[in-house]
Amino acid sequence: MAMSSFLINSNYVDPKFPPCEEYSQSDYLPSDHSPGYYAGGQRRESGFQPEAAFGRRAPCTVQRYAACRDPGPPPPPPPPPPPPPPGLSPRAPVQPTAGALLPEPGQRSEAVSSSPPPPPCAQNPLHPSPSHSACKEPVVYPWMRKVHVSTVNPNYAGGEPKRSRTAYTRQQVLELEKEFHYNRYLTRRRRVEIAHALCLSERQIKIWFQNRRMKWKKDHKLPNTKIRSGGTAGAAGGPPGRPNGGPPAL
């Protein structure tokens, strides 16, 4: 009714369309209409009745709308989801909270750059140690050091702070045996030369030759020089009537 009153109060003019064969074929316009019908529309404006025209077109519009908008049968409802197994409990979908959003690329790089540095080399999380002894070398006590020398030291400067048994190498023993074969007693000059050649000290050369001479005498079953000299001195110092310390002559 509101639309009808609007059309009555306003000077409504029926839209003018050019004549077309489609309109005549579909009987939308009467066949007896002529081009003068469109030209004389304004003269018949006072006697135009929009209610009749609206009522005449309404059934066609409603029928077309009903024919185009005819809904089909409703789709079947989706099947319900299968129930979970008895051993598992249903879990609700986890939705990310507002505070757990991923950081921006710039914030991500700042977080990586501001990460704490790795701990020092000697710190152990299970056994924390003081900061002043973090990278300190382990203490080596005298009893932990190796006493026997099994390799030739070219940077040997001579002299030892503590007496120790020396383990000579095969090359050193071979050179000492060759020198002992030609001369069982060494002079100071020759001892220094051998010590520098074999990277040993003069004391080590002296002790080795002493031990080697004792072994040589033992192998050749020679009497000890000290015992022999002591017996000779005792025999020479006896009384004149008892030669060689024996009983007196009758």
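Glycine is treated like the rest: Cβ placed from N, Cα and C.
The compositional bias 'Polar residues' annotation in Swiss-Prot covers 1-12.
The feature region 'Disordered' is assigned by Swiss-Prot to 1-133 (among others).
Sequence annotations record features per position, and here Swiss-Prot assigns compositional bias 'Pro residues' to 71-88 (among others).
Summarising the annotation, Swiss-Prot assigns phosphoserine to S89.
Each residue in the motif 'Antp-type hexapeptide' (140-145) gets a DSSP state, and the totals come to 3 helix, 0 strand, 3 coil. The feature motif 'Antp-type hexapeptide' is assigned by Swiss-Prot to 140-145.
What Swiss-Prot lists as DNA-binding region is 161-220, and the listing cites sequence analysis. According to DSSP, the secondary structure content of the DNA-binding region (161-220) in residues is 42 helix, 0 strand, 18 coil.
Summarising the annotation, Swiss-Prot assigns region 'Disordered' to 219-250 (among others).
The annotation compositional bias 'Pro residues' is assigned in Swiss-Prot to 240-250 (among others).
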